[in-house]
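**Q** This is the structure I want to talk about, given as structure tokens.
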Amino acid sequence: MEHFYRDTWVEVDLDAIEQNVTNALRLYKDREMNLMAVVKANGYGHGAVEVSQAALRAGASYLSVAFLDEALALRKAGIDAPILVMGLVGAEHVQLAIKHRITLTVYQLDWLEQAISRLHTRDKLAIHLKLDTGMGRIGLRRKEDIRSCMDFIASHECFELEGVFTHFATADEKDLTYFKKQCQRFNQWLEYIREWQLPIRYVHCGNSAAGLRFPEKNFNMFRFGIAMYGLTPSPEITDELPFPLKQAFSLKSRLSNVKKLPKGEGISYGATYVTEGAEWIGTLPIGYADGWIRHHSNAGGHVLIDGKRAPFVGRICMDQCMIRLPKKHSIGDTVTLIGESDGKQITMDEVAKRLNTINYEIPCVISWRVPRIYFRDGQIISVKNNLL
């Protein structure tokens, strides 16, 4: 087991990952459904390898990532499950994808033409065709472009059209007008694609929001991303979720210094905070280089220590920050920045709200200077320290 030597760390509850996957699949117990675990961005900052293993253990049958390097990292770690790269992979890398059994996303005729020149007669490249039904990001948008790609795929046996998919832009909102428009487009284009009579194994359109809110809108696969980590796709639909999500990510630190300062003393760079009386000030060994950005300095944020809230004071430094303690504490006492402490909780949603962002971003930006500790059944099963 790896070790780490700093007093700031992330705890990842793999039981939470597995519980969220299990509960999601139960929604589809009466019909065939494949759950694709989305582990891009290093598993949303949780750790792609460990999250993949937990998700597969709980019943996921497919993994997805953003780019080829992420897929290769999973293969290097010994993960054998099917992997879809959802972003663009250069056509020059198709042999690498075939060698490592990695499925690629296709949405350009030019790409298909470039790829075929690099494929051999007996090669089989698994692909998923991406349709842009309203996200405006990547994907085929016009019927004539779909026709051109389908004609090319159908006439070259090197391509195995394993799947067709799209992505919803507003499935996590109360207003479903645009969502329904995308559903309609996808159904129409899917019907058109079926005219080529190719054996398409997977059809997927649902993300976490659509997969949990609208099981009837999903085909035989949905992509389980943010909710797998126990985070709601958006606060406005929390009351519509079919089961409570269990947050897997906690961020903790230990006091590295404690001092009592008199009234009128400045704290941190610029002395932007001045003590209002005699105050106990604690220092934490975490800063913006760890992803705990400077905006925490003036956003009204707190930590938990012994279940009590303590506010940040002064500017966040590169490697350290300061808090105002409710009483005298000892160096080495544990402080919770995200997670639970003595029955109290600071959620990812709370942190995101004070930073005027979304919960997705928070774990993703906690840098890999911060080691990850993985728990199952309340016991540490592994430690990941990317610095050593």
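Backbone N, Cα and C define each Cβ position, glycine as well.
What Swiss-Prot records for this protein is below:
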- K40: active site, proton acceptor (ACT_SITE)
- Y269: active site, proton acceptor (ACT_SITE)
- R137, M318: substrate binding site (BINDING)
- K40: N6-(pyridoxal phosphate)lysine (MOD_RES)
**Q** Work through the recorded positions one by one (K40, R137) and point out the residue whose CB has the fewest other CB atoms within 10 angstroms.
**A** R137
**Q** Distance between R137 (substrate binding site) and Y269 (active site, proton acceptor) at the Cα atoms, whole Å?
**A** 41
**Q** Give the three-state DSSP assignment (helix, strand or coil) for K40 (active site, proton acceptor).
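**A** In the DSSP reduction, K40 (active site, proton acceptor) maps to helix.
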**Q** Per DSSP, Y269 (active site, proton acceptor) is which: helix, strand or coil?
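**A** Where Y269 (active site, proton acceptor) sits, the three-state DSSP reduction gives helix.
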**Q** Rounded to a whole angstrom, what is the C-alpha distance between Y269 (active site, proton acceptor) and K40 (active site, proton acceptor)?
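**A** Each residue's Cα considered, Y269 (active site, proton acceptor) and K40 (active site, proton acceptor) end up 36 Å apart.
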**Q** Non-local Cβ contacts of M318 (substrate binding site) (under 8 Å, 6 or more apart, same chain)?
**A** G287, Y288, A289
**Q** Tell me, how many other CB atoms lie within 10 A of the CB of Y269 (active site, proton acceptor), whichever protein chain they belong to?
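**A** Within a 10 Å radius of the Cβ of Y269 (active site, proton acceptor) lie 12 other Cβ atoms.
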